[in-house]
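> Structure incoming, see below.
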Amino acid sequence: MFFSGIFAERMDLRFFLTLGMLTSSICVYLFGIAKSFEIHNFGYFAVVQLIGGLVQTTGWPGVVACIGNWFGKAKRGLIFGVWNSHTSVGNILGSVIAGAYVDND
């Protein structure tokens, strides 16, 4: 992510994030179609995962730069706190939903 942050500061953020996330989605698609095309080659999956991992590093530095540009210094702490709470909220909701699903099934 260190190098992605350097690139994010020097490129147009919209282009940087769009290119990174589209390439990431293509890598996920390539994983999905492997079964349809009966691809069972470890090298294929290793290369797709490597490329996917590299382009996914564009996400966090790009988002941090966007939020830094959109909000003033006074509100950055609050915004990043709310933004980072999504992980905890997602974990809690995921556990509750999975528990309810298991109980009803």
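Note: Cβ is positioned from N, Cα and C throughout, glycine not excepted.
This is the feature table in TrEMBL:
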type: DOMAIN; residues: 1-105; note: domain 'Major facilitator superfamily (MFS) profile'
type: TRANSMEM; residues: 12-32; note: transmembrane segment
type: TRANSMEM; residues: 44-71; note: transmembrane segment
type: TRANSMEM; residues: 78-102; note: transmembrane segment
> In the domain 'Major facilitator superfamily (MFS) profile' (1-105), how many residues does DSSP call helix, how many strand, and how many coil?
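Tallied per class, the domain 'Major facilitator superfamily (MFS) profile' (1-105) gives 89 helix, 0 strand, 16 coil.
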> In the same chain, which residue numbers or ranges, 6 or more beyond the ends of the transmembrane segment (12-32), come under 8 angstroms Cβ to Cβ?
4, 45, 48-49, 51-52, 55-59, 62-63, 65-66, 69
> Over the domain 'Major facilitator superfamily (MFS) profile' (1-105), what is the model's mean pLDDT?
91
